[in-house]
């Protein structure tokens, strides 16, 4: 897919050596961090935490789609699967939030390894279909397994004490913890993209046969990025479970996989910052249009259509083209 | 959030009424399904019912009521999000309705954590007043225990000794099956088997044939919404009811029967706590309700009216909206409203009133589009709900 | 719970027949999808919504215009097919030069819009559609009671599927179609209007979905979500059969209906997921699907 439409056909500006971050990116990251620090005093902290979790989810997904060129239609499995594990860890095992999130991330990585090693044997739509099929199985498992609580989900998950010390019950305490988790996640993704590994990935995305003939074992790279993407999606899901004190079927259902595609597409696949913006827009829309019921669905559909028809590079992709710098 | 309040009118009333009380402003959040399978039995109708309760309560008592509403889409995550936001940022005092057990349990927890009040009418799970009971929750209209008891007990008494369940394969379906099985066996009946159907499903014919070949006298439908409607339609299509087996809808509402039509639904037995055509008072209220919404009320919408009415009376009696004081009054004062008559709110939060066993009329006996039920039996309040001691509610011990 | 040995053979036969009935819907829907994919290279995510539209348009014709079931059976595929033609012209045709993942995303968006509109307009609790008088009642087959309507569904879908297969594989028109799939430029050079051929093919595939919708209306309630529930399963059917394989999708549709029917007896909880398990296995063993060609 990336051959025709990747907005970043010239992203090599970020030097392959990758020691440093371009100044522009540093400025944007700093700006985002400042926004993140002010936000809880202006907006409802729980809402901002939701945006943060989905931003990380979308960026993790984008790592796979935008940089690996692999469209997964089953990312809900890792997001939701991890949220179950972290909710279970916090509630039943009594783990502190940071450990619960780690547990969720680990579980998502394992799940990603299992599914990914099978799925990467296929390409294009077949790949999308296999990931969808496996995600449906994870969903089925979540409905059936006793520990997930069926459609009730795992409720009243304790927010606990960070490192066993700081109470996470007040929204703002939790907020800064979540901000830290998401920031670390985003920086990890940024680092991956701009590492030599990331350069190889882009090479595979743009022309796999060429990379094979250059001697790269492309499957290994694809599996690695799949697992990384699944794990980071898991971090997002695990964090969300702690924030909302709930893990539910919504997070493993296939519509969640569709939503993350939408966020990424809208913001700009293959861009660093696009998915963050996409997630913010979609979550805000869901939040404020919630009372209008089906108009949310219709609105999402319209965004999909408009994005595919008119700006396949996404909002940030278009901006990047205008300023002629990768974003 | 849509504001359907009528502050202006209330303020005008207040000015005329003088100053007997300090002004109390109450914000009621009606949260339910406004677009999904329960939109007809809850939805906007419940918001209308809450508003009617406020209007009927009157504006002369120094209490100003504002009603807001939201759609939880039957998802616990959406519901808990709305509840949090309402309590944290929009000064909502009371959340009312909340169908769908999983969402209700989530709102139950949050309400307790934030120390507000939760008037549940729409949800079925008996856990709300059992193991998960909360000092901040009143469960008004019905629950799985009452439905199982009404339908299960009555069917066995009427000779339906052997049962087979078609159960939606999720926690709520299992609970409904479990509760009903217990009633059936306690009354001397026998459960021959059950089949778990994927949720949500569209084709139930295979499961219905399994039920048919079990030879059970009664097929218990332990499912809800679209699943129930499809099972009933298909049971009629495959001649199962004509073959002499009876269907028992364990969670059915008047709107479902209306949507199915009498041709298909006739003979079905079900339990409800309210029907518009019970007596003059219910008919009068339901006519007013129909004027506003174009439909007859479901028991859930009636329950929202009853619960809000009782809550407002309790606020008046307590002289404040402090949740603890109001809950104490709600449990202390007997309830009395035109729809459910007299009753009480028990220590575990369970509202207790009569339940009714209805049979769906034959098409030829029906006088109009909403003339759907005949009353088979009235289950008196003292037998209609799970005994206080059996629920395992920590508040009771 | 049902035991394996507790099932008498007649009951099993009844269950297989039911599986076949569900299989007819899978076959009709996956046939449409396969045709569209074969020629347009588009994964038509809107297919489920178009199936739902078929049922709704039948309901509207009956309630607003008094057109009975038999009329609807012919009119609805034409009407819904026409809306498909419009969608193809306005949106889909602009994406042919792109990777087909974009087609998937576009049609996914269109499906959301259509479903949302119908939900807004008609709610979600479902509308009743009466069975045509001629097909009420049923036959006692000894091992089961077969409603006439269900028998009709099987017969008519087999006929429609075979007719479609015949047209595509055995007629001149079908030959043009298949040729255009292989090499549109070449076919165009022979003086055939390829874009129009493609548009009409899309309309035809959509019409098949709508036809299935009309067939479904009297059995299931006419519900805005009926398409969303079934589309993912039908995707799996098409993938198992082999993307773009006409006969493959028909056979797989009926076959998976049978498999699902058996699962409903032996492991009812798993009947919603069995198709996905099969799909994953098939893709790993035979990546192009049971009837597809290796690319």
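Glycine is treated like the rest: Cβ placed from N, Cα and C.
Note: TrEMBL annotation is automatic and uncurated.
These figures come from a predicted structure and were not determined experimentally.
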- Message: Quick check on the annotations: TrEMBL lists transmembrane segment for one of A:99-118, A:199-218. Which range is it?
- Response: A:99-118
- Query: Taking A:154-173, A:174-193 as the choices, which stretch does TrEMBL tie to transmembrane segment?
  - Reply: A:174-193
- Candidate ranges A:174-193, A:223-248, A:260-283 - greatest C-beta contact count to the transmembrane segment (A:99-118) (under 8 angstroms): A:223-248
- Query: With pairs closer than 6 in sequence left out, are the transmembrane segment (A:295-323) and the transmembrane segment (A:174-193) joined by 3 or more CB pairs under 8 Å?
  - Reply: no
- Counting only residues at least 6 beyond its ends, the same-chain positions whose CB falls under 8 A of a CB in the transmembrane segment (A:260-283) are 2, 6-8, 11, 25, 28, 32, 47, 50-51, 54-55, 57-59, 61-62, 65-67, 71, 73, 75-76, 79, 186, 190, 193, 233, 300, 303-304, 307-308, 312-318, 320, 326-327
